[in-house]
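Record features (Swiss-Prot):
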type    : residues                       : note
BINDING : Cys149, Cys152, Cys203, Cys206 : Zn(2+) 1 binding site
BINDING : Cys167, Cys170, Cys189, Cys192 : Zn(2+) 2 binding site
DOMAIN  : 6-71                           : domain 'J'
REPEAT  : 149-156                        : repeat 'CXXCXGXG motif'
REPEAT  : 167-174                        : repeat 'CXXCXGXG motif'
REPEAT  : 189-196                        : repeat 'CXXCXGXG motif'
REPEAT  : 203-210                        : repeat 'CXXCXGXG motif'
ZN_FING : 136-215                        : zinc finger
Amino acid sequence: MATRIDYYESLEVSRTASQDELKKAFRKQAMRYHPDRNPGDDAAEQKFKEINEAYDVLKDEQKRAAYDRYGHDAFEGGMGGMGGGFGGGFAGAGGLGDIFDQMFGDMMGGRRDGGRRTGADVQVQVEITLMEAFTGVTKDVEVRTRVTCEACHGSGSADPKAGSSTCPTCHGAGKVRAQQGFFLVERPCPTCHGSGRTVANPCKVCHGTGTEAKTETISIDIPAGVEDGTRIRMAGKGEAGGEGVQPGDLYVHISVLSHDIFQRDGANIYCRVPLRMTQAALGTEVEVPVVDGGRSKVRIPAGTQTGETFRLRGKGFSVLRSSARGDMYIQVSVETPSHLTKRQRELLEEFEKEAGDDHAKGSPENSGFFAKVRDFFEGR
């Protein structure tokens, strides 16, 4: 069986693309792969056919709604009731893919909770700063989704009195079954597209689906302590499913931006603090910023080396669903000056002359190094 293309991937657009975005993408791809521009190129010709097929479906709101919910199955005929319209083996069907659709079909609309039909789930990604992740934040996000049709109030019918009737093909189940080899496979009903209802006089706005495409602004409450990659589920905020069908869910994927000063590791925060070599040698007290916006003083003892770390308890990141906080770790980096005044050079030369070989004894790292050198020459 030939691999079926994803219409959105074929046009290189997102699943929430507007009609204008679809049109622009189609024109761009059509110009690129048009046979007149690629004479004798079979691959380009095949691609041109694919993008035309994709745009033909996605430019029609009714076809797009069916495709978003059921994929290519929405346009396959020959699916009658139990056992009807199928050949032997897996011919004319989605094969094992249909079985996996039943298991994992929630993300594209389907059934949950023991058979309850739902609209398609919607996925969005939201970027927040490290500070917003620390305090928590409410974000307003524009979501391209399908909502209950305002014209027919979700009935799908142009005549409110007539309404809809039980689908004669699936008898209201929204799906049909067929025996395929050893498997009993369920697929969306081709007559009602899974709604279980049919409309004699379809609404002119939604064409009988009971839903229409719309861009909505949704407020998302992001709690303090969320980590990069956190997924938040907002029940019932996904796509509407038409008459008698519960809406899907909205899944918000959180992306936490990196920070110029702080690096986060779970509930702990790390901050690199540069010191002059004189500060590290003599000892000092430095003020460092903390993630809640304040400052804390840190005592640096004399003789501090690059890489040494000092901990500030309770000054780290907020913990999700808790009032606790992690710790903050100050990582010291001793910097050597690259530009010296004449006086500074004189002082350092004087220091070096005064220190002499004793310098090695005063530095743990150097003393270890010179001890190893001495042992090497003495044959130890």
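Numbering starts at 1 and runs along the chain as it is shown here.
Keep in mind that glycine also has a Cβ here, set from the backbone N, Cα and C atoms.
Cys170 (Zn(2+) 2 binding site) sits 24 Å from Cys149 (Zn(2+) 1 binding site), counting Cα to Cα. Within 8 Å of the Cβ centroid of the Zn(2+) 1 site, not counting the listed residues Cys149, Cys152, Cys203, Cys206, the chain contributes Glu150, Ala151, His153, Gly154, Ser155, Gly156, Ser157, Ala158, Pro202, Lys204, Val205, His207, Gly208, Thr209, Gly210, Thr211, Glu212. Highlighted in sequence order, Pro168, Thr169, His171, Gly172, Ala173, Gly174, Lys175, Val176, Pro190, Thr191, His193, Gly194, Ser195, Gly196, Arg197, Thr198 have their Cβ within 8 Å of the centre of the Cβ atoms of Cys167, Cys170, Cys189, Cys192, the residues recorded for Zn(2+) 2, and are not part of that set.
The repeat 'CXXCXGXG motif' (149-156) shares the most Cβ pairs under 8 Å with 203-210, out of the stretches 167-174, 189-196, 203-210.
In this structure, the C-alpha atom of Cys192 (Zn(2+) 2 binding site) lies 17 angstrom from that of Cys152 (Zn(2+) 1 binding site). The average per-residue pLDDT of the prediction over the repeat 'CXXCXGXG motif' (203-210) is 83, rounded to a whole number. Taking all protein chains in view, 27 other C-beta atoms sit within 10 angstroms of the C-beta of Cys152 (Zn(2+) 1 binding site). Counting every protein chain shown, 25 other Cβ atoms lie within 10 Å of the Cβ of Cys192 (Zn(2+) 2 binding site).
Around the Cβ of Cys167 (Zn(2+) 2 binding site), a 10 Å sphere holds 20 further Cβ atoms from the protein chains shown. Tertiary proximity for the repeat 'CXXCXGXG motif' (203-210) is limited to same-chain residues at least six positions away from its ends with a CB under 8 Å from its CB atoms, namely 61-62, 65-66, 148-152, 154-158, 193, 195, 240-243, 245.
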